[in-house]
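For reference, the structure discussed in these notes is given below.
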Amino acid sequence: MIIFRKSFFTFWLLLNSVLALVITQNRVDRGTLDLSVGDITINSGASWSIINNAISTLVGSLTVQPNAGLYITSTSPLLSLQVTLTSLLSTIQNNGIIAFNSSPSLTSSTYNLVGLSLVNTGEMYFSASGVLPSVMALTAASWSNSGLMAFYQNQRSSGVVSLGTPLGSITNNGQICLNNEVYQQTTSINGSGCFTANRDSTIYIANVLLPVSTSQNFYLADSQSSIIVQAILTPQVFNVYGFGNGNMVGVTLPLLGNILNPAYSYNPSTGILRLRNLLVYQDFNIGPGYNPSLFSIVTDNGAGLPSTILGSVSYSGPVPPRALPASCKIACKPVPTAPGTNPTEYTTTITTTNSAGKPLTETGVVDISTDSNGSWFSSTTIFPTSSSSSSSSSTVSSTAPSSSSTKPSSSSQPSSTPPPSSSSKASSTTPSSSSQSSSTTPSSSSKPSSTVPPTGSSQSSSTIPSSSTQPSSTAPSSLSSPSSSTTPSSSSQSSFSAQSSIGQTSSSTVSSSSSQPSSSQPSSSQSSSATTSSSSQFSSSAPPSSTQSSFTAESSNSQLSSTTPSSSTEASSTVPSSSSQLSSSVPLTNSVSLSSVSSSDNGSSSASSPSSSQSSIASTAESSSTFPSSSDQQSSSIQSPSSQESSVSSTPTSSLQSSTNTISSSQDSSSFSPTTSDNSSTNSASSLSTLSSSDTSVSNPSTSNVSSTDNTQSSVASATPTDSAISATSSDITTEFTTTWEVTNSDGSVSTESGIVSESGTSFTTITTFPPPTTSSDITTEFTTTWEVTNSDGSVSTESGIVSESGTSFTTITTFPPPTTSSDITTEFTTTWEVTNSDGSVSTESGIVSESGTSFTTITTFPPPTTSSDITTEFTTTWEVTNSDGSVSTESGIVSESGTSFTTITTFPPPTSSSVAADVTTEFTTTWEVTNSDGSVSTESGIVSESGTSFTTITTFELPVVCKRDDISCGPATSATNSDTAAQDPTSDATAIESEFTTTWTTTNSDGSVETNSGVVSQSGSSLTTITTFAPDATSEYTTSWTTTNSDGSVATNSGVVSQSGTSFTTITTFEPPVVCKRDDISCGPATSAMNSDTAAQQLTSGMTATETEFASTWVVTKSDGSVFTESGIVGQSGTSFTTLTTFAPTTSSGAVQTEYTSTWEVTNTDGSVSTKSGIIDQSGTYFTTLSTFAPTTISGAIETEFTSTWVATDTDGLVSTKSGIVSQSGTSIATLTIFPEPAGTVYPVTTLFTTEYVTTCPNGELSTATGVVVVSTDSKGIEQTVTSVVPSTVYTKETVTSIITHCIKNKCFESTTTLVSSVPCPTQVPGVFTSTDNGHGVPIASIDVTTGAATVSNTIKAQDSTGFTSAGNAITTAITATGAVTTSVGGQGSTDYSNAGNTIAAGSGSDSGSGSGSGSGSGSSSNTVGIVNPKVSSAASGITVAAASASAGQSWPYSSGGSGNGVLPSGANNVGSNQTPTVSGGNSNPSTVTGAAVGAGGVVSGSPSYSGNSLLISFVSSQSGAISSSTGVTIPIATENSGSKFSVGKSAFIAIILTTFIGFI
């Protein structure tokens, strides 16, 4: 077996070493992942981020080195985290960062790390949402923390934090932070660390028998934190910091004082706050400086705690100054952001084989982001390859749930290099080519560069290189420091690049110079030709919401090389060449383009472009191009043989002195306002002009003169949608056509996609990707449905979710979680959500959603706005409102939405009491199906009125108009609706649209009064028609309480029935205040009989005056149709008369359930006294309202009160337990009204005493054995503690005591009665040296009831030393071996013996004399032996001996005639029975002296013996009543058969010592 164990252990170690995983570089995994890889080690400098892996089971040890991290994260609200390490042989060693975070999740998470040991010197974070209770347990057997541990919840729940193995110990020398958490102590706590409770957290010391180090600190960091300590008889001192501002310190029992001590006390000199419950207390070292008058007793009823009524103390003042320990100064950091949880982009290279069988290498951008549910998906944009003539490009957009593992590449080649965060420096570059061998040298960069499109863009970017066929100088241009730019996911900018790198967020900057060539770029000297890289590629990608992009062109002319640093913080790029083709929505038809920009000292600059007649660039809503101006005089010219004159103005932006040059023409048309980024500013006037063009392609070279003004003027170009012109709107494309291309998927497969491509010159951009080919009737729809699923065990279950249907193909998009209970309430409400379109763009939709439990179903989707401007819509919704008193209520009404602005138009009145009996009419928006006359089914939406089970359609909404992209005549010919108004007159040349909305108006009645009405209004043009008028606010009545300021300035609280009509309140009835009586004031209170709390009304007793009372009740009502229903309300009773005051409205299924019940509470009166009141409470959800307060009733003069109490009860099976509940007291009569249920798994503490053996040496050398007391107790957790009492040896009196003994095991208790005897075993007092021997726990020996002082004993006894006394010259020796206990009236206190034991009366010596003839006389003192038997044993004694008298030879026993001094054999001694006196034969009873003839010469005895009258009476007691105890005073237990004997109790010293010793131990 030993060999097998060793082999198994060796095999286990070998298996873990083989399966070990070592993380050496940053790694990100998303989706399902199996962590059964053995030991996991994360090396320094590396991190492992696991995202949306629902179950993470660690099967081996976990080691995180310094500067390393392990992150397990959930970003989905529907996905929880289950992280476990359950191997008892595994360890956790953290020197870096461990972070488990599921705070976005709406479900419960579990972090359960067991293992052999846990050592933390770094930082550990555990976070959950708190919507449902979560498990956070770090229960390793060996547990040590010297770093930071932080536990977070978004809101507090009943879940607790558990640290260490229960009943074990933990060592904390670091910081443990709690946020909305409860830490429940289950171990002893060592070390000098700190527990910090913050944001409504509680530290709960649940077991003080497990000691807490006096150097451990507890810090209450905010006003809602608290600490609670178990209250038992073993107090400790707890160091508490930060006590004040309303936070709480408490114990687990109500705070009650006794005769000598108050419920709490504070010592200003020591800083100790003592909280007491009668005899038990706990001490808290809160420090000095507190004002005792600011303490108050409160109740800590936080979630996850045993709620103790009035068991805590709060301090209303600020925290006095006190230095915090070093461990409490360790900052409680927030949960760090895990790598990979933010959307990111990176470039990748894909090598495939084309149709010709040749390898094709493509480069693209991978965009990783999440949808609205937190699910990850990726989209890839492929860059097109370059071509010398015409080139085509494709933009591949693939969307799929991401479950990829991403690692950075160490290669310097263009490859897949995603970073660990949202930034990306690695990218790729498509170099340009030239047909001339002496052409320009392609520019180079220190890193591969590429264009990274902005995250979330609805359009992809493409790059088309151009080739230069013109000769140019060979001055190579290099870019030593590639510029980089990162577009965050929330922004929308365009990005233009020419062999540049985009990575971190920064603007592209190229230094500029004046007349001397001071550029950092190498340039050719004194060359009049343009210095270029052979060509420059540009890519543009702009989502519809883009606001700004910058474009920088750099001149490498020897005269001047300058660019103005760009101040834009948006995406920007650098063009390190002077030859370019621009694909910024500008048609450049010539594939050969060469432009040169020169700059001189006089500030003039010229650029020629033989490639296109369109040398001006339109500024669109998606992108704008920025040219630097290097002239000192801010003037430049661009030559182009065109008839148009364009002006360029420069507008400096922000403090970085970037000049934004925008080209505009002299034609005026419609204008638009440019948008700028948040960090740029325009300090000059701006004029708007329009650019139009009659031709976009000219075969002959043309020039255009462009002049630039100073920095005080700016013109922004806009385009009108004329023929072949450049448009400023995002939907006006230069050329669009449909094409097909191949896409390489992530799994390497090649698929064909089709879509709409935009062509601008030689630049192609994918606008739309079509879904897979379907028939003309295959329409993709999404709907909610239910289906059956066969589980792995063969069972069939039903699931529901959202399914996408395309033709005959169905795809499950979302599966709803099953309802948690059968009573889930279905509600409908209006909301807004995000949808990811097929092209990867994200749009926002609104509609009506049905919620049942945690399941959501989309009922109606509102049509999107038809124009680009904000459209005002109105819909019905529900929201929460915080009232002036801080309470939260729910309101419903009609809300107007304009863009992102919401305005409340109408607030619906709450349900009223008048609508109880009758059906309530409500109006709401819904969707239904209609079967048309041709049999087809269509869906309509509108406003429906519901009255009972009847529905009436009030308004039917117009169906949305769906237009194709190129159908410009589609849609209503209306102008845009102003987003700032609810309705607007249509333009004069447009057809008016009829719309319906809810509004409020005032009406003047015939009597001149003005009232306000609300309803649904139809608007057609400027004509308004009222369709529906809402009913006015109804009047409702309910019971409430309010405060009133009396004439003397005092504030009183009144209760009564209030009528509410709209926002108007009227008091109908004011309840009489309750009469407060003292307990003994029998004349106080109304002279009425007691009202039974279980009935709604009761007859008043005769002879009493009837008092009118009001209370809540429920009754049954029969309708006119014979149906029966139940109503509730407030009933007034006067004598035997009942009147219904108020009928409560019935509760609806969509709201909280309203209940009413009787309760008792405490009220602080104006004089500071606390009184108890009872009444009827109305509970709706978490809100409580006092409906009626009962007046104290009297029964024959006695006052009836109700209060909460705790008592001890013996159940029918003999079990003794402690119960709590509400007790009613009337005079001296007490009745139990309510018994609180006991918490599940309650274990009662047990205290049991056992005897132990002490041995002492008497002065005469004898050993005296006594029994001591061993106290064995168990706490509420069942943990046994054993303590042996110290027994003094100071008692030398003989007393007896009778005790009633109660012995409890768990919650079963037994009672018996016994008698104890104390006596002195040693004649003199000597110091005792004791040794104890535990009698064992097999049979309980003794215990003492703390309340009564009674002792419990059992039936085992040890031998006692004999005690010798002398009586009448005879020595009585008693046997010392016994199995039972006995006392006798003999002074010797002899103990009983076995049946063969006997007591001996020793014979004395004697002499004789006589004549020689054989006769004579003599005297002797020979003793007689009396046999003594156990009074409980009827058998005769044996072994009786008689010592022979000293006589002449020949004497023998038995004696013969003749001689004297012979011993006498007593008769009857062997048959002494109970209560019998032994007799001796020979004529005398019990002789002590024998005289007679002596033995003469020759040995003949002569003479007759005679007996003296000296006698010894020996009597025996048959009934035993106690036990013998030693001089130590410790009781020797008696036999079980003697239990029940009683006699008077003497207040002996030894009993006092026993009680003192036991209570001192407790």
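Every residue, even glycine, has its Cβ placed from backbone N, Cα and C.
Looking at 338-366, 889-917, 1034-1062, the stretch flagged in Swiss-Prot as region 'Disordered' turns out to be 338-366. Here the candidates are Asn602, Asn1475, and Swiss-Prot annotates Asn602 as N-linked glycosylation site. The stretch that Swiss-Prot tags with region 'Disordered', taken from the ranges 751-782, 815-846, 1455-1486, is 1455-1486. When Asn101, Asn679 are compared with the annotations in Swiss-Prot, the one labelled N-linked glycosylation site turns out to be Asn679.
Sorting the region 'Disordered' (338-366) by DSSP state (H, G, I as helix; E, B as strand; all else coil) yields 0 helix, 18 strand, 11 coil.
Around the Cβ of Asn190 (N-linked glycosylation site), the number of neighbouring Cβ atoms within 10 Å comes to 18.
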